[in-house]
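Read through the structure below, which is laid out as structure tokens, and then see the notes.
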Amino acid sequence: MEGIKNKNESNNELHNAIIEGNTEKVIQCLKSQTIDINSIIGKDSYLDVAIKSQNLEVIKLLLQANAVVPASLIPSFDDANKEIIKLLLAHTVDIEKTDSNGMTYLHLAVKNNLPDIVELLLSKGSNIYAKTVLKQTAMHIACQEKNITMILLLNRHMNLFPIKNGEKETALHFALNFEDLSIVKLLVQEGARINASNKFGLTALHLAILKKKLDIVQYLIKSGADVNFATNDKRVPLHMAAECGSVEMVKILLENGAIVNKKTEFGITPLHTAVFTRRKEIVELFVDAKANVNAVGNRDETPLNIAVAHECEDIVKILISHGAIVNHGNKKDMLLHMAAFNKSINLVKLLLEHNADVSVVYMNDRTALHMAAERKCPEIVEMLLMKGADVDAKTDDGFTALHISVEYNDLETCKVLLQNKANIDLEDKKGRTPLCFAAERGYVKILQQILSFKPDLQKNKLALYCAVKDNHTSHKTIILELIAHGYSMDLLKLWPEIYIDIFMLNAVRNGHTGIVEYLLKHGYNANKPLQTQAVEDVNYGSLLHLAVRKRQLQNAQLLIKFGSDINIVDKSGQKPIFYAVENNCFQMTKLLLDNKAVLDDSCELLFMAARENNFRLIREILKYYKNVNIQDEFGTTALHFAAWHGNEETVQLLFENGAKCASVDQSRQVSFNSELYTKIQVIYGEEAMEEFKKNVLTTPLHIAARKNCSDIAEAILESGLSVNCRDGCGRTPLHVATLFNNIGPMHLFMEFNADLYAKDNDGYTCIDYACNNNQFIGNMHMDKVFPFVNKLIPIINTIDNCTTASELLMKYLAVTHLRNEKSCEKPSSCSKKLEDLYDNCVSEIALLNSTKIINSITLGDVLIRSIDTVTSYLKNAKFVKAFECIMDVETFPLYGIILKKKMRRAKERRLLLDEAQIYFTDILCLLEPPANRIMDFLNTRDLACIKQAYESFYSQLGYRKCKES
């Protein structure tokens, strides 16, 4: 143990001595036999510590004591560490160690300009050919750094220049990347192979031309560079000089024996390249040097082809003047085609002046005339025709130039062709004439122009057929034009039967009523099934289906008139009435229903109309369909949709037709469709299931609460639905109204005695909703929107402010305590502000209870009693007068407005009761007591209906006047 202790103490002494730079103490420690010279203290060896301290003397002592030098110990290669590096390298075994970039000590020494280190490494046998990850030798790095000293030093040790890196580039190639003439000269003088090529076959001369370094090009040529050396793809320096557009380089190359007609592997000469790059001066140099102006590339391109394609008029003139052939006499000769395609009028004129052949055809048998017509260039068309172009030449599809000009709606070109006697009756391979093209595309002016040249009616028999393909106004004009020029329906006799079917189909689809009527009058079967080849959508079923889906009312009327089966079904099992409602088309629906269209016993049509919020459509359907309470698999009715749209008129219509509301009972939540319910849970998860319950398993009253529709909510409540009904999550309408801060519905529900203590399925009351609103709103966005949810409820929006709802609930909570004669307990889990409000409410209620109106009736009674009770108070005129005298909002700031609203509703009901009493006693001749008992069972909506019927009775029969007389 004592020996180990002594050893540790000696190690620590040596470590401290190295850090302090105390040479004498280091020597003393090294003499101790207990020292392990290569031991590790922490993470560093003694040599590590000495190197970091940059103490040369200590490093020498450690190396003399046989300290091992790993390659990782070499410090940064810079001049400050030069002596240390020398010392370490002298004792290093692996001098070829590389870093992450593949650089050896030699690379680093060259890069950091340390000639002494380079000498040392080379003397120790360092591999001068070693390459980095980028395949660079030390010489390439020296050239990159433009370090003349290093270049000469490396060159003295070995003739490096024939050696190539991974890209087969010599140092001379690499030097050219830096465009430095001095380095190029140095390398050439030191014996670099001037015509050595890289892996692409590029020599130094090629690279110098591409770099546009004229001085280097001149030097290399003078030094013996081969001016005709070909690359791997057979390009010579002259190609590259032409490509770069350097007139001077081209001149130098030509002066030094460059061959002007050398071809690449693609058959391209330097002249081709010069034309392609639009270098007029270089083109002139080449033709003066006897370049072959008719040289043909592997794709049959000549310099003249390229010049015309690039619209180089000056170069075209030069080439033609030096013997370029305009007509090669084969299908590849397309000079006129290219000039016409480019709409180059001057080039076309120039080529025609040199007798270019106007009859040459190119791809798809197109002549230059076809190309000019396609490009809408009447000037070129006229020039070609003047030179003898065949005006009626056809492509392989049978198109003439006139067909093409009509296709592209080019009136001016059509005029030129017609004036040059183009045959207007020629058909393409599908039997269509230019007139058919104009009729089909709705080109009125072109059609009129062709008609003025009196086409043969029989040869153009399909023109009327083509005109019916669209429903644009222009097509109707075209039909009239054709009829005016002698096209009668008698031409239909010349058509195949399938053409007549398609003709009828297009006429029905596109609203050509006159044609539909003509065909029906002449025996066309209105119930003929649509043939698959005549219509894209085979589900259309019948012409009536088609007319309905395309909203063609007049055509539908005609088809019905001529016996079309109004209840025929298509292949998807739908009748025409289905598509009329789906299109939200009232007139079409009315037409079908008036003609005895049968409504299936399903909710689909009524639901579609309700979804679109189309009151007229719903009313029309309900005339023939009485099951207004039909439900889908989720319990949704038309009333749900009407409530969602906030359409009070539709809600009243549905109630008048017997609509009923039902709560979502607990058993139906899990049994309404157990298979579908389970599927939703499995696929979408519990969170999505909760959204399904909230948004689909709901009542119209909950929807009205959500949409802030108080009038609709009142109508629903008066229809008999409980104010405390539940949705799929066990929420009452008051829960929903509170959640969305909808004050109007909240007031209404309170007046109908909503239960403030009702709990949802999670045990929360509406008071909890108001006091902790963010907790309930945070997870209300539906990440997964199911098709059945999407049809009813859009994604719910986040609510930021619920203060008003909280205050309102505090007011009614205090009223509830008063009504139920409970002790006034403060609600739990609410803010200090709401607690104070509750205390103020209790105080004001006490004041209301002590404020008498008449007899023993107080303002507190008006606050807590039902509307019917308050309405009965209004029989006493003194009560009304006294209430108005003592009711002051400033005195009762919390409940004053609530009391006034309640009194206004009571007055409205009182007025309706009085008018209804007249109806019962005057018309039905009932005594007042039984009439009053009947009216006690009637809600406000019923009383309003009685009033409306009463007024209608008088207005229609003039009953009042008869009575007075």
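Quick reminder: no glycine exception, Cβ is built from N, Cα and C everywhere.
Quick caveat, the model's predicted, so the values are computed rather than measured.
According to DSSP, the repeat 'ANK' (167-199) comprises 15 helix, 0 strand, 18 coil. The repeat 'ANK' annotation in TrEMBL covers 167-199 (among others).
What TrEMBL lists as repeat 'ANK' is 200-232 (among others). Along the repeat 'ANK' (200-232), the predicted structure has mean pLDDT 93.
Here TrEMBL flags 233-265 (among others) as repeat 'ANK'. The list of residues near the repeat 'ANK' (233-265) in space but at least 6 beyond its ends in sequence, with Cβ under 8 angstroms from a Cβ of it, reads 201, 205-206, 209-210, 212, 214, 217-218, 221, 227, 271, 273-274, 277, 279, 281-282, 285-286, 289-292, 295.
As a summary of secondary structure, the repeat 'ANK' (266-298) carries 16 helix, 0 strand, 17 coil according to DSSP. Summarising the annotation, TrEMBL assigns repeat 'ANK' to 266-298 (among others).
Tertiary proximity for the repeat 'ANK' (299-331) is limited to same-chain residues at least six positions away from its ends with a CB under 8 Å from its CB atoms, namely 266-267, 269, 271-272, 275-276, 278, 280, 283-284, 287, 293, 338-339, 342, 344, 346-347, 350-351, 354-357, 360-362. For 299-331 (among others), the entry in TrEMBL reads repeat 'ANK'.
The repeat 'ANK' annotation in TrEMBL covers 331-363 (among others).
Annotation source TrEMBL lists repeat 'ANK' at 364-396 (among others).
Tertiary neighbourhood of the repeat 'ANK' (397-429): same-chain residues 364, 369-370, 372-374, 376-378, 381-382, 385, 391, 435, 437-438, 441, 443, 445-446, 449-450, 453, 455-456, 459-460, selected by CB-CB distance under 8 Å and a gap of 6+ residues from either end. For 397-429 (among others), the entry in TrEMBL reads repeat 'ANK'.
Under 8 Å from some Cβ of the repeat 'ANK' (539-571) lie the Cβ atoms of residues 504-505, 507-511, 513, 516-517, 520, 526-530, 577, 579-580, 583, 585, 587-588, 591-592, 595-598, all in the same chain and six or more residues away from its ends. Summarising the annotation, TrEMBL assigns repeat 'ANK' to 539-571 (among others).
Sequence annotations record features per position, and here TrEMBL assigns repeat 'ANK' to 634-666 (among others).
The repeat 'ANK' annotation in TrEMBL covers 699-728 (among others).
Look at TrEMBL and you will find 729-761 (among others) tagged as repeat 'ANK'.
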